[in-house]
Amino acid sequence: MAGGEDIGLEDLATATEIAQVIRRIARVARDLSRRIARGPLEGHADTVGENSGGDAQKALDLIADDAFAAALKGSPVRWYASEERENVAELNPGAGLALAIDPLDGSSNIDVNVSIGTIFSILPAGPDPLASVLRPGTDQLAAGYVIYGPQTALVLTAGQGTSLHVLDPRTGRFELATARLEIPAASSEFAINVSNYRHWGAAVRAYIDDCLAGETGPRAKNFNMRWIASLVAETHRIVSRGGIFLYPSDARRGYERGRLRHVYECAPIALLVEQAGGAATDGCDRILDRVPQSLHERTPFVFGTADKVHRVAAYHDLPHEEVAALFGQRGLFRQ
Ligand SMILES: O=P(O)(O)OC[C@H]1O[C@](O)(COP(=O)(O)O)[C@@H](O)[C@@H]1O
Ligand SMILES: [Mg+2]
Ligand SMILES: [Mg+2]
């Protein structure tokens with residue numbers, strides 16, 4: 001297996017400093033993909049602690065976090081904001097960029113050999129660490145994710161479309177596979193953790209009820225469901241073949257704003273999805289317009305094929321009697 005300095009990605013359509021950061025991230029991702037492929041032979045699936053958000057930390061979460069931070073020393077990244085760190089760290093004083101990162105996404109899947117990932121967002125660095133990352137998602141200079149699955153792939157945007165780069169394990173290079181991803185408009189798949197059904201609000205219940213009712217319901221169409229519990233894997237399926245993802249707020253303690261983190265999960269995925277022709281909201285409003293107030297802030301998250309995402313927002317606008325009605329009586333979305 002090749003392990004040299006040649007990482008590919010020569011043709012990144014972005015400013016040199018950003019391209020330099022992306023290549024460093026890609027090198028770490030290549031190393032991680034090899035470690036992940038060895039699975040239990042590496043013994044990195046053990047729970048070793050808890051992060052500031054109260055999530056269990058697996059050894060691989062911390063290994064990945066340390067590896068990205070170390071690889072970005074001497075790079076144009078001044079501020080490093082990670083899911084695994086309570087505060088923003090200064091890596092390179094005076095440098096011009098900030099990086100927000102979920103070093104290892106989908107950690108509950110590490111020990112079961114299901115796809116996991118890395119998500120990152122590149123922003124301009126100002127003098128203040130927090131202010132540099134607490135910006136609207138529209139300020140992102142670039143965003144991407146790496147999926148560690150049957151293939152390891154890097155999906156990137158610098159604001160001019162979303163591209164797919166696949167790691168060739170024979171050469172250790174990321175090769176361009178699709179220059180411009182377009183989320184397909186026709187899809188009948190939805191993704192949501194239905195075990196939380198009883199905790200959801202009325203609008204989300206109504207939307208899912210109508211999907212589940214299939215041909216006999218107001219949508220007059222059958223739907224299929226997926227739930228991988230890895231945001232990156234879910235995103236990759238949706239940018240490849242369309243559909244919708246929902247992680248709404250719910251009534252459980254601590255889930256008042258859903259589960260996913262705005263800065264290093266939802267904002268970068270929202271930019272990638274919009275740049276592939278899709279939409280991303282908090283259920284009602286565009287994610288990229290929201291300004292987060294704290295580093296680990298959560299947000300409800302709905303993204304995917306644009307008309308599906310807009311339909312979810314429309315359910316939130318329905319009058320109470322309509323949304324609370326059993327699907328049999330709900331008239332508005334009857335086709
Ligand atoms: O276990 P749940 O509640 O279905 O949540 C699954 C979600 O949690 C996450 O695993 C959170 O990400 P981390 O693994 O980075 O904490 C997402 O990837 C996934 O969409
Ligand atoms: Mg995550
Ligand atoms: Mg994570």
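The backbone N, Cα and C atoms fix where each Cβ goes, glycine too.
Feature annotations, courtesy of TrEMBL:
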DOMAIN    15-177  domain 'Fructose-1-6-bisphosphatase class I N-terminal'
BINDING   Glu83, Asp102, Leu104  Mg(2+) 1 binding site
BINDING   Asp102, Asp105, Glu265  Mg(2+) 2 binding site
BINDING   Asp105, Gly106, Ser107, Ser108, Asn193  substrate binding site
DOMAIN    183-316  domain 'Fructose-1-6-bisphosphatase class 1 C-terminal'
Compile a sequence-ordered list of residues in the same chain as Glu265 (Mg(2+) 2 binding site), six or more apart from it, whose Cβ lies below 8 A from its Cβ; state 'none' when nothing qualifies.
Glu83, Asp102, Asp105, Ile119, Leu231, Phe301
What mean pLDDT score does the domain 'Fructose-1-6-bisphosphatase class 1 C-terminal' (183-316) have in the model?
97
Asp102, Leu104, Asp105, Ser107, Asn193: which of these binding-site residues put a Cβ within less than 6 Å of any ligand 2 atom?
Asp102, Asp105
So if I measure Cβ to Cβ from Gly106 (substrate binding site) and keep only same-chain residues at least 6 apart in sequence, which ones fall under 8 Å?
Val114, Ser115, Ile116, Gly117, Ile228, Ala229, Ser230, Leu231, Val232, Ala233
If the Mg(2+) 1 site is taken as the center of the Cβ atoms of Glu83, Asp102, Leu104, which further residues of that chain fall within 8 Å of it by their Cβ?
Asp61, Ala64, Asp65, Ser82, Glu84, Ile101, Pro103, Asp105, Ser107, Thr118, Ile119, Tyr264, Glu265
Out of the binding-site residues I have (Glu83, Asp102, Leu104, Asp105, Gly106, Glu265), which ones have their Cβ sitting under 6 Å from ligand 3?
Glu83, Asp102, Leu104, Asp105
Taking the centroid of the Cβ atoms of Asp102, Asp105, Glu265 (Mg(2+) 2 site), which other same-chain residues have Cβ within 8 Å of it?
Glu83, Gly106, Gly117, Thr118, Ile119, Tyr145, Leu231, Val232, Leu260, Arg261, Tyr264
In angstrom units, rounded to an integer, how far apart are the Cα atoms of Leu104 (Mg(2+) 1 binding site) and Asn193 (substrate binding site)?
20
State the count of C-beta atoms found within 10 angstroms of the C-beta of Asn193 (substrate binding site), not counting that atom itself.
14
Of these binding-site residues, Ser107, Ser108, which scores lowest on Cβ atoms within 10 Å?
Ser108
Quick check: which same-chain residues outside Asp105, Gly106, Ser107, Ser108, Asn193 lie with their CB within 8 A of the centre of the substrate site CB atoms?
Asn109, Ile116, Ala229, Ser230, Leu231
Cβ atoms near Glu83 (Mg(2+) 1 binding site) (within 10 Å, other residues, all chains):
26
Per DSSP, what is the residue count of the domain 'Fructose-1-6-bisphosphatase class 1 C-terminal' (183-316) in each of helix, strand and coil?
59 helix, 22 strand, 53 coil
